[in-house]
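A.B. asks: Take this structure, written in structure tokens, and hold onto it; I'll ask about it next.
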Amino acid sequence: MNPYVLAILLSSLGLGTTLTFASSHWLLAWMGLEINTLAITPLMAQHHHPRAVEATTKYFLTQATAAAMILFASTTNAWATGEWSINDLSNPVASTMFVAALALKIGLAPVHFWMPEVLQGLDLLTGLILSTWQKLAPFALIVQTAQTIDPLLLTLLGAASTLVGGWGGLNQTQLRKVLAYSSIAHMGWMIIVIQYAPQLTLIALGTYIVMTSAAFLTLKMSLTTKISTLATTWSKSPVLASTTALVLLSLGGLPPLTGFMPKWMILQELAKQDLPLIATTMALTALISLYFYLRLCYAMTLTVSPNTTNSTTPWRTQTTQASLPLALFVVSTLGLLPITPAILMLTT
């Protein structure tokens, strides 16, 4: 892609998100979301491959549907209350419609079906943008309006997403689909605690972005998109294979890695709010997710010589990817747990 065009598209992505962050008016927020969608569409379709075009079309249709629902919900709310301010979402029909639209935007269950299919059709770097940056603007709106939304609806969305995210990833052989289901599960963790402690949602979102960036960049560095090719990365680069395994375990929320921190704090908050049943359900769904991360780690580190693998060894091509961002994200993914008290102090 032409570097000037790429610069325009990436700055438009930044502009759309910033516009939604800064807006207090529904139309301005909607405009930011639309700029975001339109900016990432050419990035998704840049590899002229049928899968990429199909993924782009699916993504565009779902995002356009969600944007239309947001516009309809805000118009309904303005009609009922006479207010266009984001903080005045007092109409119950409008607030329910708004949550449904934002759930579709970020891929919460039960409106998550587009997410694995779209991510599967993209290259790893565009998939990284879709899994991280594209979640920021909708989350800003959810955080602003969380107190006006029905708590039961948010709890159901969160519990369903963690369950679907764990269950859906069990049978996958494609790494991008595994990361898509991982994203759905993490979104569920964030949504379930947003009504009680929004700062925990922001901590969880920050750690999720760091961990997912590390996962995508390590897979990009080793040029793997399937479990079968993952099994041969050890002979190619043992250090990178070990790092990838640790990053995946951090995504699963295994102590003493960074991924344990948000899960631990969210479970603690749910227990404080007298919701032991929901906290137990969330912990059990985290175990399901951990199973498929362990499966990837097994394929990567325990099926090495002298054991046999059914996959062909890939060519050891030299990668041109910069290693500094990867190193920063990996260090953050593996070592932030000891500074949990400092992070909590900064956010409260």
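Keep in mind that glycine also has a Cβ here, set from the backbone N, Cα and C atoms.
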A.B. asks: According to TrEMBL, which of these ranges is transmembrane segment: 12-31, 152-171?
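C.D. replies: Comparing 12-31, 152-171 with TrEMBL, transmembrane segment matches 152-171.
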A.B. asks: Determine which residues of the chain contact the transmembrane segment (277-294) at the Cβ level, with the cut-off under 8 Å and only residues 6 or more beyond its ends counted.
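C.D. replies: Beyond its ends, the transmembrane segment (277-294) has Cβ neighbours at 155, 158-159, 162-163, 165-167, 169-170, 172, 178, 181-182, 185, 188-189, 192, 248-249, 251-254, 263, 266-267, 270-271.
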A.B. asks: Hey, would you say the transmembrane segment (326-346) packs against the transmembrane segment (202-219), going by three or more CB pairs under 8 A that are 6+ residues apart?
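C.D. replies: Result for the transmembrane segment (326-346) with the transmembrane segment (202-219) is yes.
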A.B. asks: Answer yes if the transmembrane segment (92-115) and the transmembrane segment (239-257) have at least three CB pairs under 8 Å among residue pairs 6 or more apart in sequence, and no otherwise.
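C.D. replies: Answer no, regions not in contact.
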